[in-house]
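S.K.: Got a structure for you, written out below as structure tokens; questions coming shortly.
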């Protein structure tokens, strides 16, 4: 199994040490049975000295077994800790387009369900390892007691294991389908939570979502998890009954066929009874390991970036003058929508407005401009030098951005991750009219329960504190009241320019574009610049729309 192979590769020596402890535990268990056979069954030792020896072996077996199980469980938790950290880091290092293609529902399901299943598997793994080791050790001891009876019991146990594995294979199949259903349910949960206001207003939509979407996915999950549990319980009960049956077969071979005396049969049965519990535990633990393998396969299929332990020490280029998109084309694989070819040069210090209808490609252009999307063709250049995969992170350090679907972080940071300039933050608290609405402690925003417009003001405050050269604002003013929207265009943007910012503002407020150095328009994936009469005509159209 690949999961165990990776554990062995990453923790080879600790893993081998745990296996040795398991072997020692098995040897002590079999030794205890041999002691009972020699001292209490074959010969009746009436000396009281046998009792301390028996108790000593018993305590030693308990101690070694406990240590081996704890060691393996601890090793498993170390592996899961490392796996979770690597998964998070790989998400952080994966390009945005791939993350959007996967979707947040599947990623969240993996971080919760898949990692949990792998954790449970490693908690149960000691039972599986000890069951296998004890089976092998017990078989060797049984061969020493009676080779002929071992042949029959081996066939019996082989049939038992074969039947168990046949049932467990069905468990694996249904667990795979359960995992797929969990992804769909995770998406349903997000829809219910994120769309709660709309669903409250439109009960027909809520009913349709509940009855036709959620119920179908929940029933699929229920059917498959019941079938998985059914086959699992069948495997456990099959193994249980067969292990009891083999004891009857042992006494039949001893007493009816004369293959062994009663003492050997008793020791044989005692060994099988000793083996029964760990073998049943091993069969019971196997589905959790199979479930972990399903989860591990799910993590692999995401095709995330390779794991890199450290974060790159990227540094924003200094004293740059121009950035350029040259013959850039980007295509969405799922919808087929294409942007480009785009040719655009932005000079340092410019205030650029980008307008266009919904779905025209404005936000896609912003993603290309910031280096978050990689074009299928064309080049991104800084001062006529191509931005390559090796220099992309350096280039991205030029930007602070507030997208329409922005996430508001509570921690305020200055340049290069340092503490922010207190005087700068203090002045912009007043400019954004947020001084009496925010509580800051050690550069941490303590109250984020704000309106969307206020959240955008806080996001702008955080972006200013970063002191990066280029500021990209994707429809920032859309959630501001008319008065503050005017403040944004007529006061805040000039103040940002005074700080040396290059600003690209995506906006539907085209009646303010006269304050921009340049006006760009996206239309069906094509970029054009409005100048002269075209720009004046667009301004007149905007004024006409306002006056209506």
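A Cβ is built for glycine as well, from the same backbone N, Cα and C atoms used for every other residue.
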S.K.: Pick from 90-109, 150-169: which range does TrEMBL record as transmembrane segment?
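M.R.: Transmembrane segment, as annotated by TrEMBL, spans 150-169.
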S.K.: TrEMBL lists transmembrane segment for one of the ranges 241-259, 260-278, 279-297; which is that range?
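M.R.: Residues 241-259 are the ones TrEMBL records as transmembrane segment.
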S.K.: Can you tell me which parts of the same chain pack against the transmembrane segment (125-144), counting only residues 6+ beyond its ends and a CB-CB cutoff under 8 A?
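M.R.: 18-19, 22-23, 25-27, 29-30, 33-34, 65, 68-69, 72-73, 76, 150, 153-154, 157, 268, 271-272, 274-275, 278-279, 281-286, 289.
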S.K.: Top stretch among 12-36, 56-80, 150-169 for CB pairs under 8 A with the transmembrane segment (241-259)?
M.R.: 150-169
S.K.: Near the transmembrane segment (56-80), which same-chain residues lie under 8 Å Cβ to Cβ, leaving out any that are not at least 6 residues past its ends?
M.R.: 7, 10-11, 14-15, 17-18, 21-22, 24-25, 28-29, 31-32, 35, 115, 118-119, 121-123, 125-126, 129-130
